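K.L.:
If you look up TrEMBL, you'll see F:S188 marked as active site, nucleophile. Residues or ranges marked as active site, charge relay system in TrEMBL: F:D274, F:H303. Feature annotation from TrEMBL assigns substrate binding site to F:Y92. Per TrEMBL, domain 'Acetyl xylan esterase' is recorded for F:1-320.
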Protein chains: 6
Amino acid sequence: MPQYDLPLAELQRYRSSATPPADLDAFWTRTLDAAREVASPPKVQPVDSGLSVVEVSDVTLSGFDGEPVKAWYRRPAGVTGDLPVVVRYQGYTGGRGLPHQVGPYPLAGYAVLEVDSRGQGTGYGWVGDTPDPHGHGPSYLGGFMTRGLLDPEEYYYRRLITDAVLAVDAAQQLPGVDPSQVVVAGISQGGGIALAVSALRDDLAGVMADVPFLSDFPRAVVTATAGPYPEIAAYLASHRDHVDRVFATLAYVDAAVLVTRSTAPALFSVALMDNVCPPSTVYAAYNAYAGDKQLRSYPFNDHEGGQFHQEAEQLAWLRQLLHP
Amino acid sequence: MPQYDLPLAELQRYRSSATPPADLDAFWTRTLDAAREVASPPKVQPVDSGLSVVEVSDVTLSGFDGEPVKAWYRRPAGVTGDLPVVVRYQGYTGGRGLPHQVGPYPLAGYAVLEVDSRGQGTGYGWVGDTPDPHGHGPSYLGGFMTRGLLDPEEYYYRRLITDAVLAVDAAQQLPGVDPSQVVVAGISQGGGIALAVSALRDDLAGVMADVPFLSDFPRAVVTATAGPYPEIAAYLASHRDHVDRVFATLAYVDAAVLVTRSTAPALFSVALMDNVCPPSTVYAAYNAYAGDKQLRSYPFNDHEGGQFHQEAEQLAWLRQLLHP
Amino acid sequence: MPQYDLPLAELQRYRSSATPPADLDAFWTRTLDAAREVASPPKVQPVDSGLSVVEVSDVTLSGFDGEPVKAWYRRPAGVTGDLPVVVRYQGYTGGRGLPHQVGPYPLAGYAVLEVDSRGQGTGYGWVGDTPDPHGHGPSYLGGFMTRGLLDPEEYYYRRLITDAVLAVDAAQQLPGVDPSQVVVAGISQGGGIALAVSALRDDLAGVMADVPFLSDFPRAVVTATAGPYPEIAAYLASHRDHVDRVFATLAYVDAAVLVTRSTAPALFSVALMDNVCPPSTVYAAYNAYAGDKQLRSYPFNDHEGGQFHQEAEQLAWLRQLLHP
Amino acid sequence: MPQYDLPLAELQRYRSSATPPADLDAFWTRTLDAAREVASPPKVQPVDSGLSVVEVSDVTLSGFDGEPVKAWYRRPAGVTGDLPVVVRYQGYTGGRGLPHQVGPYPLAGYAVLEVDSRGQGTGYGWVGDTPDPHGHGPSYLGGFMTRGLLDPEEYYYRRLITDAVLAVDAAQQLPGVDPSQVVVAGISQGGGIALAVSALRDDLAGVMADVPFLSDFPRAVVTATAGPYPEIAAYLASHRDHVDRVFATLAYVDAAVLVTRSTAPALFSVALMDNVCPPSTVYAAYNAYAGDKQLRSYPFNDHEGGQFHQEAEQLAWLRQLLHP
Amino acid sequence: MPQYDLPLAELQRYRSSATPPADLDAFWTRTLDAAREVASPPKVQPVDSGLSVVEVSDVTLSGFDGEPVKAWYRRPAGVTGDLPVVVRYQGYTGGRGLPHQVGPYPLAGYAVLEVDSRGQGTGYGWVGDTPDPHGHGPSYLGGFMTRGLLDPEEYYYRRLITDAVLAVDAAQQLPGVDPSQVVVAGISQGGGIALAVSALRDDLAGVMADVPFLSDFPRAVVTATAGPYPEIAAYLASHRDHVDRVFATLAYVDAAVLVTRSTAPALFSVALMDNVCPPSTVYAAYNAYAGDKQLRSYPFNDHEGGQFHQEAEQLAWLRQLLHP
Amino acid sequence: MPQYDLPLAELQRYRSSATPPADLDAFWTRTLDAAREVASPPKVQPVDSGLSVVEVSDVTLSGFDGEPVKAWYRRPAGVTGDLPVVVRYQGYTGGRGLPHQVGPYPLAGYAVLEVDSRGQGTGYGWVGDTPDPHGHGPSYLGGFMTRGLLDPEEYYYRRLITDAVLAVDAAQQLPGVDPSQVVVAGISQGGGIALAVSALRDDLAGVMADVPFLSDFPRAVVTATAGPYPEIAAYLASHRDHVDRVFATLAYVDAAVLVTRSTAPALFSVALMDNVCPPSTVYAAYNAYAGDKQLRSYPFNDHEGGQFHQEAEQLAWLRQLLHP
């Protein structure tokens, strides 16, 4: 796969053409207030993961409309003090996985809350356990991108982002967590969600967004050749009369729109041969991000991005940022 | 594509290994009774389709749990008497389409009720208008095959088949319909639905099932290389511990299981190079079908099947069967 | 598939670099005169299509060199007056189909002449019945694009366009047709043919060209990635010494060249993700078209274009244009 | 690609199910007699090929209906005596090529007549120069397999095989050829043609057929996944009512049917991973071949077969067979 | 992808047709003796992996001909006693990865030696650090399968398996390891290597082989459609005269041949839709395995196999087997 | 495939951004001096190729570090005087082939030395016989592009280019060769090698480079979509920290860098739809070439380029250049 997107110099100054809805802040304030009103504290249940150096608990937290969202809470075994916590969101189709599917953050001494994505959880062996108890109108092959796409109130990502914001509320209430040191993180969909959360909270210690999805829909939908963005193009290829309504909805969850409100320090990564999240759409979010920010670029990678090299970058960045 | 399935002689005696659930009849009786209890008569609203020789009305009928299901009711313009009616179901991802998307049956003098598939309606330009107001647990890329797959009560196809059975109730109540002359019909998913309906009613005049889907899941899931069956394989590739529950659920909606209860005369078609609905799975339904039956075979076709040639066969078959 | 062609602003002012042959008008005048000299009136034979609301007749009309060309003549049943007529041409590889394969125009009250494409007629289930009794020199896999490509006199499309122009002559002679109200129409190859006909007649009431093919060969051959244009590239990849002769021939049948002579009102459609007929080549024809014109654009479609939505646009446009 | 066809032991006893037409011999006698009646002696014109060790002449010989067929006549330079001659036929889509495109036989001291395939000649850089001045009815994408497929009299391969038989007549009349030592040869289509010629002449010194095409159509059409056989399946996928007529025509040109009449010694080759000419179809011809025969098998090759290794086998086999 | 291999009942009794070389034991005794003669003890160097709950050391051990092989030695942090150790081998193209790329075994309390594959180490982000200082003759695209394939002495896998056997020697010498409790493990190539090691040592506590590669070459090479086996078919497609020599070499490293000598308890896994390591070739090894054995089967998985579910199975199996 | 690279006007002035290493000349002087120091004269052994008009000898010449490199020496049979000689290099993965695989140059009266590529020799039926007795560190799937890529001293192409330069030394010593008339030639990798040789010798009579590879790596690696360049991108996709070292190494063997030193007359060819060697990278070499030069352009070809047409161009160009 070649580097097919804009030349680097143009990427570095590229801005999305997405228009912020007039009521964007009101929309999210109202949405989050409603969810918090019916929220209850997280339930935490230790499980036998088969592991001995990491403790794993099954968490049920309150998400959109008070609906239960599953997560794994992991900590280094035998550590008693309050730890910084990484709240991690999943890539498209993935779920929280099995108890023993442990990423690098808990091994580096942090607490981690690995949050399920409602309705998803069959991709790449990352199973999930959280239902999405909301139906929807006609959609493309049932893909998540097009569920409720005609109305911001009904859109799937309104619920998923709300779950993600409230997962931070829950993380702050977990035993053994330092609530002033929460970092949100994720790859692809998880990275887009983390960026959205960063715009909807002012109490985060940091944000890590790798090859983030959900950014700059007007360009993404006509540029990406793989992954979930083409679901929207496919929907509009049939529902040719819904173009304006669709992009009006998408503007409410577009990271490139939201992150002008973000304040936490952020570490981004981008892959210059990425067909799923085109580099221009990642730069659209990065260039618009209002907080301190750094970007790691991987010129020869497709959507796998920096993988383990980026993990190493993140461990170093977290070490400087946090105080475990 | 070659003829990759069993040799013809083996197809002709092939039987599915699917096991009928002990409570199969009770399950469906209970399901349909509940839906009929809350049903209301169909609402019929004439529309301007841009056509002059066919009259088109927008119908809202009562489906599963009384939920609204959209349909188009079409009749030859200017005909006043009661007509036989073809109730037609859609292929996977398709919807009822636009008012002027007219198939051959109304042009041949029959009334037609073109029934939407809840939640679907973005495929191949066949748009839909019927929501499926039911959420679900983790599923494969959101595909319809895996929604609620762990529980027959929650499974998507319980709702879709219920809609289809009640669409016949509605058709019988439409103005200008002879309720004793109802034929159910469909291609692929529509054909599988038609077969299921044929097993759940004893008042049909006929059944036309082309390259039917939803038949003989145990073989289909390990044989098909394209289309929706592989969604189930993909789900089980992640949820490796759900195999038994999944096939237990599927047995409730498997046409090869259900049609041992069917009585109406039926016209099937099969394509011997079909990768989506393998010929053995079509023969599984055909060989098990309990009513009078005929089969048209297309040896060189993939899932497009007999297309216009099969339409011509159907028009001839209907002409013998019905009395417009 | 992304939007891969020129940006919209450039499309809107794009012009083909194809050069009109010096003897273009003489070539076509001579060709059509010769064909008309040996033409005989259309033969019309009613058939039983299995339909009741549309009457179908088998038509044999005179095409290139007086050779027989098959068509279906369809009218709303029971209408006795003279009707406007849509003369419709087929997409690449398709034929006129079976008698009951009815599109939307006759259902909207118009007469329709569905014209076969000589030699073609095996694609997508649209069978044909018209031979092309002309051999040819070496060609690419026998594809129609390269038959006789070295000489405008011998080129396949000289014959096909002549058939198409004479099909309008025939349509005007059909019983029950208002000869002053002829609209030519088609999708893809059919659309390119319709545009060519519009340039070679001055008595048309209208033109409908959807995602038209046969336009702007110099750009099309180096831009399209699917469909028939690459047949020409493949021919030139072997016959490397024929480049000039090939493009000299193509200029005689290039819609982008011909339509500077067109006068009838036209309705175009274009799809911005079209890999078969790149949007720039459609704009090349639209921008050069000399008559009144409108363009419907489908930004998220590949070569399927506007499909049923475009049909609805056309029914509305025809209703304003014609007086049935 | 795996070895996907029958196991070796079954291949070795496999027989085609194709039925010889009752009038098979009469058909070919009549066809060849008619062609010979209007034949004229070959015209031979030396050309400058740019080579010095091989002499190349442009030959025009009489084929079907006396129509001109082009060929290259090549001989080692400076050799004056009469030489054995290899008459070579082309693979599907290929032509005789440019004058300097020399294969191994002339370099080994034999005369070679490299015969064009009418209408073909754009494949793989092997250009051709021979027209096929015969039109045809509807066909699949214009592919050669389906031209005139409904009638043995009109079928393309009747003409091509007649050209091939008469090319041997011409070869025997060339200056410097020993007419008692003619070997026919070819790869794929060329091999199938060579086998057909071997059945229609009794004066050949030898036959070399590599991965031959045109053999055992009933199995080939439902087994091959690439190459030209699927053109027939594609035709029948649209023209579903032509199955019997098509296979009736094909039986006249089926090498597996014809070679029960062959008498010359033959060297075959087969590739066990061949997707274009399935090994069973090659064995069908080999097992039915009535003369002395040998088979070289390449277990790990697709349709490229033995390539240069098989050339070396052939040079050794010819050295034993012929007396230059 | 369907279940394309033998039916389950046949798989369960399937045996490879590979023939054990007469000097198989002598070959390996000589090879391993020679390597051990020049071996030196492992060098162990702690590294900062960025993790706190796992200690990581960089190991350099002696492999074939005393050549250095890299590995990571990982242990739960702060554990001082001797631990059972899992020696883990890599999948094709992968290397030992970065220090922080930690799998589940060390998290479950075991020591782990993650062994590099010489020359490999660019696949899937699993980088490697071990050269293979041996050239070779002509090979397929340079793939590892065909390096030195004409001579068992020169074959790449002789060196890789020797490295693997000596990695166990090294593991037994590492500080904090209980040398009586060594389990060898791996996925795909790693699983094949683990099986080979199990045949060449009698001091192992256990073997875990997931979807193992390097098994039953005679069937694998003509059955697999993806992954490295087709490299051998591709080599033989060019080097048609090397077939016997190639399979003679392969028999020395064929797990299905070797494991008749194995004695340790083994946990296998197989995937019934595996295109890379066909299920029959996995059963060939399993059925031939001479020690206690269990098999987990994943009917709907391709070569990813059981993934995290199999990891959980392994953690449970290890817990019963070992005494940390 | 479309023309996807820069527009023609930009190609004609395009220059590579590759930076010549400061010690480029010293590097090559040192490398070639060392090889020549240990070189021995070519060994020439006549073989029976099965051909009579061309004489073939097996040559073993001294390459890098005095290592043996195989070649075929071919001459027109029976010619006794000294002939100009074409030294020909192979395409990627190909070898010198079998003795009778003769190209056009010997048939046109020239001597030809067909030089093997060490380690390669399994592609497209062009077998090879020359080992590459050098191991290497981790590489991408073992592909040749990435062997020793971190160090110019260890890089595979340092050895291959040295072999190629010394093959000219050997050619000049062959019996029956005019050492003042050496032309180097090749297609793809062979063309890139020929260009490199042209920069490292000042005694060549001519250079023929068709669709040359190994040119302008900085652009090639991010532009090519097929062939060997993507091996480098794939390596860097895993070894993300090696980017600078890799491009530093590549600059030593980059034809676009080297040919500023070339002096011999050159005939290039380029294909404008070439996905393997993008046209811009060929123009990069052509535009930088310091000697007399001509370019043949094939606008509709992918990497097959001009094939037999280009051979004919070359025969004409050689006829003018050389004095046999």
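Cβ atoms are placed via backbone N, Cα and C, with glycine included.
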K.L.:
How does the model score the domain 'Acetyl xylan esterase' (F:1-320) in terms of mean pLDDT?
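P.N.:
Summarising the domain 'Acetyl xylan esterase' (F:1-320) by its mean pLDDT gives 97.
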K.L.:
How many other Cβ atoms are found within 10 Å of the Cβ atom of F:H303 (active site, charge relay system), counting all protein chains shown?
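P.N.:
The answer is 21 other Cβ atoms.
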K.L.:
How big is the Cα-to-Cα gap, in Å, between F:H303 (active site, charge relay system) and the residue listed as 'substrate binding site'?
P.N.:
12
K.L.:
Roughly how many Å lie between the Cα atoms of F:S188 (active site, nucleophile) and F:D274 (active site, charge relay system), rounded to a whole value?
P.N.:
11
K.L.:
Return the recorded positions from the list F:Y92, F:S188, F:D274, F:H303 for which some CB of chain A is under 8 Å from the residue's own CB; sequence order; 'none' if the set is empty.
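P.N.:
Answer, by Cβ distance to chain A: none.
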K.L.:
Tell me the Cα distance separating the residue listed as 'substrate binding site' from F:D274 (active site, charge relay system), rounded to the nearest angstrom.
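P.N.:
So the Cα of the residue listed as 'substrate binding site' lies 15 Å away from that of F:D274 (active site, charge relay system).
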K.L.:
Would you mind listing, in sequence order, the residues at least six apart from the residue listed as 'substrate binding site' in the same chain with a Cβ closer than 8 Å to its Cβ?
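P.N.:
The residue listed as 'substrate binding site' has long-range Cβ partners F:Q120, F:G123, F:F144, F:S188, F:Q189, F:F213, F:G227, F:P228.
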K.L.:
With every protein chain in view, how many other Cβ atoms are within 10 Å of the Cβ of the residue listed as 'active site, nucleophile'?
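P.N.:
Other Cβ atoms found within 10 Å: 27.
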K.L.:
Report, as a single number, how many Cβ atoms besides its own are within 10 Å of the Cβ of F:D274 (active site, charge relay system).
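P.N.:
I count 27 other Cβ atoms within 10 Å of it.
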